[in-house]
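Novice: Before I ask anything, let me first share the structure, which is written out below as structure tokens.
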Ligand SMILES: *Cc1c(COP(=O)(O)O)cnc(C)c1O
């Protein structure tokens, strides 16, 4: 179905941070399958794990214990603030699981008959009905009403709005049961959370019993230079979700929680494919490679290099570029509102010049290369971007 407005490009092969189209043309890949291919393309550790799992055992269902699933859960618990993991197949599904867990917790522990989940404006949490309702952006919700009840929106990085909402909603059978929020908003324009805002959120949640849920689907699994986005904010969530980078590009999602909010009983939530030997065996190889090859150090160094280069470029085109921001290897270049040039214009021109980029909204160009990107590849991407901007800005407000 025509669910995507696609670029005129068909890709058939990849190696590291490079991909080739069906005509044999090479591209530097700064999209990485939308922040998923953390180890790039055809990484030997992934080739080995995929081959091993398909030869050994790939799927049996969750009627039985799955050793790879246990090992991956153990790795995630050891490397995060969580004690429990539920596996599924995508980010939206992980958030659905978190929403269900939070609702059950609100009903059974907080004794709220009509629990409300607060989410932030310009957020992105997925495309299923509940997660698109949680996604507080009208452009994703148009035509899909009636939406799922039980959500209310607050501006991002604005603590007084959260305090007001909790105060207002705490009436009769209604009450705020959870806050679902991204530590850094990805699709909404690469907007990092404020440390002071998130500290206050944590404090409010701890005082009121409201669950604090972080959507780490895009920013997590090392993309920010730390394993989890919440490590940048100095606070721990009660529940968080992971997906995109978790399997290095094979489909897997996870909902992780502290022990105290693990209120699910057998039969209350499930997934046929979730956590199968194939997906968890490969994801475990990705996790172990991130650790063994010290990839977080590369993310931090290459991220600083990229932001420094982008800031130099921004200084050359101050009438076009408004801001450079991000953490590690999730970065955004924001264009001014009052000019015609859009992120799409830059992405289209960059593709022609051999660099894959993706917008995050109308005015932000997003840079999410594989986490193994090299110093030379960052320099090459900056060179291509600079030449693309030189051409696009020759005619003022070009289109
Ligand atoms: C991509 C994304 C999702 C949805 O993930 P899918 O795997 O596409 O369902 C949810 N939350 C955030 C923050 C994302 O970036």
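Quick reminder: no glycine exception, Cβ is built from N, Cα and C everywhere.
Quick paste of what TrEMBL says about this protein:
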type    : residues                             : note
BINDING : 91, 92, 124, 215, 216, 217, 218, 272 : pyridoxal 5'-phosphate binding site
BINDING : 127, 271                             : N(2)-acetyl-L-ornithine binding site
MOD_RES : 244                                  : N6-(pyridoxal phosphate)lysine
Novice: How far apart, in Å, are the two Cα atoms that lie farthest from each other among 91, 92, 124, 215, 216, 217, 218, 272, the residues recorded as binding pyridoxal 5'-phosphate?
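Specialist: Value for the max Cα separation, rounded to a whole number: 25 Å.
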Novice: Which binding-site residues from the set 215, 216, 217, 271, 272 come near ligand 1, judged by a Cβ under 6 Å from any of its atoms?
Specialist: 215, 217
Novice: Among the binding-site residues 215, 216, which residue has the largest number of other Cβ atoms within 10 Å of its own Cβ?
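Specialist: Most Cβ neighbours within 10 Å: 215.
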Novice: Per 10 Å Cβ neighbour count, which of the binding-site residues 92, 218 ranks highest?
Specialist: 218
Novice: State the Cα to Cα distance, in Å, between residue 271 (N(2)-acetyl-L-ornithine binding site) and residue 92 (pyridoxal 5'-phosphate binding site), rounded to an integer.
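Specialist: So the Cα of residue 92 (pyridoxal 5'-phosphate binding site) lies 13 Å away from that of residue 271 (N(2)-acetyl-L-ornithine binding site).
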Novice: On a C-alpha basis, identify the one among 127, 215, 216 that is nearest to the residue listed as 'N6-(pyridoxal phosphate)lysine'; the candidates are the binding-site residues.
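Specialist: Nearest in space to the residue listed as 'N6-(pyridoxal phosphate)lysine', counting only the binding-site residues, is 216.
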Novice: Taking the Cα atoms as reference points, how far is residue 218 (pyridoxal 5'-phosphate binding site) from residue 127 (N(2)-acetyl-L-ornithine binding site) in Å?
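Specialist: Counting only the Cα atoms, the answer is 15 Å.
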Novice: How long is the line from the C-alpha of residue 217 (pyridoxal 5'-phosphate binding site) to the C-alpha of residue 127 (N(2)-acetyl-L-ornithine binding site), rounded to the nearest angstrom?
Specialist: 13
Novice: For residue 92 (pyridoxal 5'-phosphate binding site), what is the secondary structure by DSSP, using just helix, strand and coil?
Specialist: helix
Novice: Work out the three-state DSSP category of residue 271 (N(2)-acetyl-L-ornithine binding site).
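Specialist: Coil, per DSSP.
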Novice: Look up residue 244 (N6-(pyridoxal phosphate)lysine) in the DSSP assignment and report helix, strand or coil.
Specialist: helix
Novice: Out of 127, 244, which has the highest number of nearby Cβ atoms, where nearby means within 10 Å of its Cβ, if these are the recorded positions?
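Specialist: When each Cβ's neighbours within 10 Å are tallied, 244 leads.
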Novice: Taking the Cβ of each of the binding-site residues and counting other Cβ atoms inside 10 Å, which one has the highest number: 271, 272?
Specialist: 271
